[in-house]
Ligand SMILES: Cc1cc2nc3c(=O)[nH]c(=O)nc-3n(C[C@H](O)[C@H](O)[C@H](O)COP(=O)(O)O)c2cc1C
């Protein structure tokens, strides 16, 4: 079911230079298998560095997973306008720099502009922020985005479902993000209560 019924389902995905680019890649892999959803991708320069560092992937390997690719410097792209309808945007992972830019409405590249548009059009914005520990600027910026209607979703793994691999941990988190957009998936085991001790 679409959040807005009169346009194709579209999700904007941005990969920025925080560690954890595997979250963005997994998201794109899931969306690639859902032809009813059009994925729009942006990768920041620091995101490209981390794709290489963490996954040995090149920009073009990841861009091949998306339906539409945008250059972060192209502030004239479709997704820079509120008239281009989408179901929202996920920044996976989201650096503290991109968080700061979104929190302060800077629109200084297409990632920050697209997020700004999603917020102004009251669409769903999820920032998978990643840093540790946080300084006060990080915390204040997360509060600002929350006050504007965005969702701060740090990729923090749960252990109660006893994950056996990093892939399982990533899928569990990505499943919870997709739940926020009513995207059907089987990535997340559904909690049915604590196991009995006996
Ligand atoms: C290997 C590596 C790991 C990084 N991890 C983080 C991180 O976890 N969180 C963060 O906020 N920045 C991290 N950074 C720094 C960002 O990449 C840097 O601030 C960059 O300017 C972010 O720009 P972007 O938001 O346009 O991608 C990391 C950088 C490198 C090279």
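Placed from the backbone N, Cα and C atoms, the Cβ positions cover glycine too.
Since this is a predicted model, take the numbers as computed values, not measurements.
Residues 17, 18, 19, 44, 95, 96, 97, 98 are recorded by TrEMBL as FMN binders, and the candidate that the same record lists for that site, out of 124, 130, 140, is 130. In this entry, 17, 18, 19, 44, 95, 96, 97, 98, 130 make up the residues listed for FMN, with the farthest two CA atoms of the set 15 Å from each other. Close contacts with ligand 1, defined as a Cβ under 6 Å from any of its atoms, occur at 19, 95, 97, 130 among the binding-site residues 19, 95, 97, 130, 160, 176. Across the domain 'Flavoprotein' (10-179), the model assigns an average pLDDT of 97.
Just so you know, of the binding-site residues 19, 95, the Cβ with the fewest other Cβ atoms around it within 10 Å is the one at 19. Sequence-distant contacts of residue 130 (FMN binding site), defined by Cβ-Cβ distance under 8 angstroms and a gap of at least six in the same chain, are 18, 19, 20, 93, 94, 95, 154, 155.
The FMN site is defined by 17, 18, 19, 44, 95, 96, 97, 98, 130, and by the 8 Å test on Cβ atoms against their centroid, the other residues of the chain that qualify are 16, 46, 47, 93, 94, 99, 131.
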